[in-house]
Amino acid sequence: MFDSLDALLLARAQFAFTVSFHFLFPAFSIGLASYLMILEGLWLATGKGVYANLFRYWLKIFAVVFAMGVVSGIVMSYQFGTNWSVFSDKAGPVIGPLMAYEVLTAFFLEAGFLGVMLFGINKVGRKLHFTATCAVAVGTFISAFWILSVNSWMQTPTGYEMGANGQFLPGPSWIAIIFNPSFPYRLVHTVLAAYLTTAFAVGGVGAWHLLKDRTNPGARTMFSMAMWMAAIVAPIQIFAGDMHGLNTLEHQPVKVMAMEGHYDSHPDGAPLILFGIPDSANKRVDYAISIPKASSLILKHDLNAPMKGLDRVPDGDKPPVGIVFWAFRVMVGIGFAMLGLGLWSLVARARRKLHDWTWLHRAALVMGPAGFIAVLAGWVVTEVGRQPFTIYGLLRTANSASPLDAPAVAASLLAFVLVYFSVFGMGIWYLLYLMKKPPEAHESTLDGAPIRTAGITPAPAIEGGEG
Amino acid sequence: MIDLTVIWAGIIGFAIVAYVVMDGFDLGIGILFPLFKVGKDRDTAMNSIAPVWDGNETWLVLGGGGLLAAFPLAYAIILPALYAPLIAMLLGLVLRGVAFEFRWRDPAHRAIWDHAFTGGSAVATFAQGVALGALLQGISVQGRAYSGGWWEWLSPFSLLTGVALMVGYSLLGACWLNWKTEGGLQRQVVTYAGRLGIALLILIGAVSLATLTLEASYQSRWLSWPGVLATAQVPLATVIVTALFYRSLSRQRDAQPFLWALALFGLCLLGLGISIWPYVIPARVTIWEAAAPYRSQLFMLIGGGILVPVILAYTAWAYWVFRGKVGSEGYH
């Protein structure tokens, strides 16, 4: 019994570790691919060199991010089987086809055109190269579509039938499976999060270089573009997050109870706990600062609406409250900080000092990595919040794992930790090194080599940096 | 009604062939990498695969994802059974995958990433070979789950298949470089290809003979009369293809040795198919027992039928863009 418990905990730790590392890279590359598509499109449309240089600058960073995303993603696609074989056997007929569609419609598209995008500009000409960039960008979005559909089905399973052998089988409609109730909300919220993450990373890099040289045209352009994204997307994201939360309340109310820290039921209006320390042993939130009835107002749009609490849920069906409660506050806090910076940038723009307001640049620099933290925090909220189930309400995590001995999982977890920290640690170091270099007027191609003039198509001339 | 299970077995088989055809040579180049001179030769070897390795590895994801979708029970039994070699393979692929980018980003530590590239490629290849051997020799199954320990995969046979695959991928890598490079590097890999061809032939013979001793069903499949008349064509064809391979090598052809080496791999995979059909886990689980329900098969078949040809078309285009001999400054 102890052995199986240990193996289960280790398998969960391994999945959490590998998926958290993995998630950082697509969160960046989804946004970055779209950003590159826009930069190259602007270059084609306007002919301004600054866009070409920024494209080259961020392409080098994209190549490193994408490589790390690919290799950490291959691990995920096999880990379902190696560590969660019972889940794979039971859910395979439903989620397997969706994941196969992800490979067929997204992974091949990205991989097939990535080589041309990275190395082919001198070989295929501008328009075909732009097509390749678009294909990669669209591929990253399609990938998010399918994998979030799978994840959402595990959170809000619909459209299935139970087989005599214990498998979940697809019902007559695949639409009912793919577009399960939480999927549209999760897709919008997650893709917007990827865009915001990228916007703040780009904005942070731009701010860093503006602090050193306010006249750098590349830094000015990237900072301005990033701040537009922040000002426009942050409020949309907060709205989308609210909608997602209401959807969760409808389909996974226990998760919302954990997010809110509601150990008790509130028959006449639940308070909104801003801060506090959840104490699951005594089932209360210590040192709580709360606004009476505000939770009912936000979630039910009625001050006196009754809200059930965790006291109505059997102990065996509860997620761990503390981690969900804290991760949720981290995510929301960062979301509002993002909104604040976006508004600040609008003020700066109105006062014509967007590129000269040192404190704005410092704030943007600090907020550079904020998106990554928010994305991970959000992921923790939704994944820990649906425990103790892998398929919500139907298949328990404890009944999903592979029949592996604890030492086997312990050894693999250790190997993953060592390899990931050293390899991806170095990779992140290289990213920071690339970001530290200012965008130059004649930005080099991927290798740092001079722009080549040989090739099947003559190399397109790159104008100087002034756009 | 057409048996979709058989079609899906064919598609998974095709994905495996496509994976071996495409990723085999770039893993092989990784294994041979320390033998190339530091500097121009290594950069050239790397450039010859940099634009395509990612697409090549996607076939491995399709193999895994397709197995989950079409034969979930097989996926759920095989992957835990091959736990150690598969985790080793994944970590090897992580190391070699990032090395493509990192060696250019950090010239001061290029030697480290070159080691990572070789080490990762070698481990991934060996692990794939071991996994294949472990599958062939049989997996303990009880009910719907794997029932063996976490060392069951380890045997002299699985180690032999591991070594054989390393030699085989190295041969593909050498032949690919013969196609894509010129001068000293090309002369160097032609020599390797000649030696690796002999080594591979010996190992194919050894693995084939050892396979016959593993399961009674393998023996009867290959050796019983009159089936042997058909199955004997496989070793016969192997000998003929090997002869053609050496002829093209001695005539200093660019592409032909690579294509003949691929044909050799094709025959090995055909032999593998003959041995285990119609099982997906030899002697334990048939493809029909492991198959996903009809609705899952049909839904994927519609997508796969449309998309796989499209994928093959744009993959071919990407290869076409980077056709011809490669320079050392090349795309990087």
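A Cβ is built for glycine as well, from the same backbone N, Cα and C atoms used for every other residue.
Automated prediction, rather than curation, is the source of TrEMBL annotations.
Range with TrEMBL annotation transmembrane segment, chosen from B:63-83, B:84-104, is B:84-104. Through the fold, the transmembrane segment (B:189-210) approaches residues 32, 35, 133, 157, 160-161, 163-164, 167-168, 170-171, 173-175, 177-178, 181, 235, 238, 242, 245-246, 249, 252, 257, 261, 264, 268, 271 of its own chain, all at least 6 residues removed from its boundaries and within a Cβ separation under 8 Å.
If you look at the transmembrane segment (B:84-104), the same-chain residues 6 or more away from its ends with a CB under 8 A from one of its CBs are 27, 30, 46, 50, 53-54, 57, 60, 110, 113-114, 116-117, 119-128, 130-131, 134, 150-151, 153, 158, 332.
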